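**Student:** If you look up TrEMBL, you'll see A:6-22, A:51-67, A:79-99, A:111-133, A:153-171, A:227-245, A:310-326, A:371-388, A:414-433, A:454-471 marked as transmembrane segment.
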Amino acid sequence: MLFNSLDFAVFLPVVFVLYWFVLDKSLKSQNLLIVMSSYLFYGWWDWRFLGLIAFSTLVDYVVGIQLDKSEDGLRRKALLLLSLSVNIGLLGFFKYYNFFLDNFEDAFTLLGMPIQTNTLNIILPVGISFYTFQTMSYSIDVYRRKLKATTDLVAFMAFVSFFPQLVAGPIERATNLLPQFFEKRQFDYQQAADGMRQILWGLFKKMVIADNCAEFANIIFSNYSDYGGITLLLGALFFTFQIYGDFSGYSDIAIGTSRLFGFRLMQNFAFPYFSRDVAEFWRRWHISLSTWFRDYIYIPLGGSKGSKSIQIRNVFIIFLLSGFWHGANWTYIVWGGLNAIYFIPVLLRGKNRQHLEPVALGKKWPNSREFFAMLGTFCLTVLSWIFFRAENMNHAISYLAGIFSYTLFEIPDFSIFPGAMTLLVLIAGFLAVEWRGRLGQFGIAGIQFIPRKATRWSLYVLIILMIDIFGNTSEQIEFIYFQF
Amino acid sequence: MKLFFKQAIVFLGILVAVNFLLFFLIRGFYIKDYDEVDLAYPSYLLADSHGTPLGDFTENHQVHNFSGQSDSYLDMERKLKFLIRNTEVKKVYITVDDHTLSPTRENQNNLDRSAYYTEADDYSNYGQYIKEKYLNYYCVFLNDRYSLVIKNFIQDELFNVSKWGGVRSKSSWEKLSNKEQITITKDRVKNYFEFPQPSARMSESLMRIISLCKEKDIELIGLRFPLTKTYVDLLNEESYEADSLMSIHQLQVIDLDSLYLEQDSLFRDMDHLDKKGGEKFAKVLFEKKTTPQIKV
């Protein structure tokens, strides 16, 4: 079920009413309703993969209890290994099996020993990278004694399958989300209203910004050899806003929906395109994944401590893994590597934590230094997205070569893309709203502080109208991150 | 909780009010003309945008032009049923151009507007009738076409780069260079003839129109509108052959697609007459003095 579908528009109010009006007296019943509705939500795509979630859940549930009980270090390690093997094994099989096979075949062919392998026609279960990482965080935290294992199977199932964030995150930590399933939930008007606002902004990002950008980015990336440098740059720019609108839009809807049910999820995006360096960008982009890698891999590896070479190694490991997490394609790995290359100079100069506060704090506009720092970071990001979007390495390199040609300085012919000018104006407006709201949790969070109700409501109506007019309402376009 | 629901209901009320405000705006420039029909004529012309340039010139010949831009056979079928219910219609001219059975036309139609001409009997179930005739028709937020109309209006008025001198400027057809004419025509041909087979829905609808006319003793005449030479050359032999369906049923087809092959000044684009062309064509078509090519 897609957030931007009519199905979800019916599903959400029904679950909401059952949750708050019928089952409001019993926490257990509410959790059971969450499990049932989450399985229905997921099964709407493909019910066959429900077994996979259930299996992953049961393994970590049992492992968690055993980890908690056991004092034997070796046994505990073995249990953790079991949990990690099952989760990484599932991920590896469904996501990376054919990739490894193809690469083995290529490697042997290169060595003059061609081998015949049989790739499998494997369907990638939606959201597998998200829920496996979430359950692994549980096992690791229980292993580290940061969290007590739960014996409440229903609550644990609800934690793993919680429908707002099941298929594309935020990847929640058990330490944050799981305890919320044991707290008595009270309906909070302010939180619910804020959740609605966040859902509205998420829908705007997805349907107005991302889906429209996708239309042009897809045409330009698919037919890149037909276009000059400036049009290719425009295509990369459209993809830059597509991926942000799409993924952060999903996160906004997920967080907003959770708030309607009394849950607090972590912020997943914090206006990343207003970052002044790459380190800041990675503190603001897909925060739940970045911090997952930081807490469970980077810091155990030594983090930014140790010699320069160790630091560089750790950064590369994290970024390459992050790239690989996105998909079984060398383009993602190169994308990760490129970001590591961007990041290392900042780290080596010890400037990776210099921009912890939002840009232009307490000011209306950035100063020229901040502005050019943001522009520079944004340009680097746009270039790296080309690898992320490209079908393969040849595609990415040809695309980049096409940009850096003499045609980069031509005037773009907008007449071949009717509507592109309107979209650029919409993007400019969107950036202006995000800039204004950059101190909040999401772009329009600040609307609640406008004293006049008429103004607030007029703004909501305006956003709804924009979604209706400019949004792609005739077909539901899947979120990009579903494929990961 | 009570407050949340109260606010939600009030907000929904506001959205309903905004919806009706928008509906009346859209009605002014999108629906109103489409909904207007004179019921006093014995003959009617049913066509898509090929028929609209004929405007009111057909009325001098006792034919009411009931064409609508992007009308598909499904829309024409609805209009025909409406005419049968409300008039003494004796003769209907219907477009049978090469593209009219195109699957593209199946998707680019006026079903949102032609719902105005329907009654409950025109639908397979009552739910569909309520949805199309009332929900889609009056709810701007549920009607994708209305959104598209507003979007296109905004784009055309505010951000239309062709107004700044792009290739697809709206200059008249004859003023475009041969290269520009070919580029635009190729796009059009590709748009309509992308699929090898005609649309089954369109074909079935045309068949129902033919049967209905036979049943009600209405003379049905097929009509092929004039085209430019560039279009005819690029079209080559591409056709979904709606005219053949007419011929199979022994119905007349007036084939005038080659009438103005060398007269680009009468066209607004590769396959649409302009106002002047429409006036001239209406005379040729309906005046008895001229003898159009007729195949049966």
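Along the chain as shown, the residues are counted starting at 1.
Backbone N, Cα and C atoms are what each Cβ position is placed from, and that goes for glycine too.
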**Student:** Does the transmembrane segment (A:310-326) come close to the transmembrane segment (A:414-433), meaning at least 3 CB pairs under 8 Å for residues 6 or more apart?
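**Tutor:** Result for the transmembrane segment (A:414-433) with the transmembrane segment (A:310-326) is no.
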**Student:** Pairs of Cβ atoms less than 8 Å apart decide it: which stretch in A:6-22, A:111-133, A:227-245 has the most with the transmembrane segment (A:51-67)?
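**Tutor:** If we count Cβ pairs closer than 8 Å to the transmembrane segment (A:51-67), A:111-133 scores highest.
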**Student:** Which bits of the chain, at least 6 residues beyond where the transmembrane segment (A:227-245) starts or stops, bring a Cβ under 8 A of a Cβ in it?
**Tutor:** 205-206, 208-211, 213-214, 216-217, 219-221, 269, 272-273, 378, 381-383, 385-386, 388-389, 399, 402-413, 420, 423, 427, 430, 480
**Student:** Which sequence-distant residues neighbour the transmembrane segment (A:111-133)? Criterion: at least 6 residues beyond either end, Cβ under 8 Å.
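**Tutor:** Residues 42, 45-46, 49, 52-53, 56, 87-88, 90-91, 93-95, 97-98, 101-102, 104-105, 160-161, 165-169, 171, 289, 292, 325, 482-484 contact the transmembrane segment (A:111-133) from elsewhere in the chain.
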